[in-house]
Amino acid sequence: MLIERFELPDVVHFEPKKFGDHRGYFSEIFRKDWFSENIGDFDLIQENQSLSASSGTVRGLHFQTAPFAQGKLVRCLSGALVDVIVDIRRGSPAYGHWMAVELTAERGNQLWVPPGFAHGFCTIQPNTILCYKVTAYYSVENDKGMAWDDPAVGIEWPSVANPELLSAKDKVQPTLAELPPYFSYGAC
Ligand SMILES: Cc1cn([C@H]2C[C@H](O)[C@@H](COP(=O)(O)OP(=O)(O)O[C@H]3O[C@H](C)C(=O)[C@H](O)[C@H]3O)O2)c(=O)[nH]c1=O
């Protein structure tokens, strides 16, 4: 199985094996033992799914604060998207750094987004479905965000990104510099 780690600590990208035959394919999407050994002993207790009808839809950048900080195991069920994360853990060697990974239904690749990261994505095909397991329940009081287009972070979004498709909430998110110190490296 392909497994990748990055300059941003604790982030893991992997692609489960597919067993193809004349009918199509079979793939083990999640195994607790593999996840615990290669990523960590997290409890994935809620699963979310979103459909974005238009290519160029940007959702994010979002995160939940303690005690509902979320790790996210993200994959694309239909279409394709560019997943973007920003390390917002004060003290991290990669604080304020971003990275992007293309997730497609075709590949079935997955991204582990640790707690302490802001997460968002831009769809690059219509009718793209994102499906992701999280390690803490939704808490509207702890549901926070940061600006997708923060010039100090400098995310290079796909050229199809369409700001008109942003949610009202995402049009007015604070910049990284305006965020309180929600997360400390090594403590979330
Ligand atoms: C996240 C969430 C939302 N909701 C409700 C709240 C709103 O009434 C509605 C849409 O929520 P929102 O506009 O925050 O959805 P997205 O813009 O897709 O946000 C999500 O997508 C980005 C990329 C993320 O990483 C977060 O997990 C999540 O914030 O669903 C729930 O009931 N439970 C939930 O867990």
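Every residue gets a Cβ built from N, Cα and C, even glycine.
As given in TrEMBL:
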type	residues	note
ACT_SITE	His62	active site, proton acceptor
ACT_SITE	Tyr132	active site, proton donor
C-alpha of the residue listed as 'active site, proton donor' to C-alpha of His62 (active site, proton acceptor): distance in Å?
14
Three-state secondary structure, Tyr132 (active site, proton donor) (per DSSP):
strand
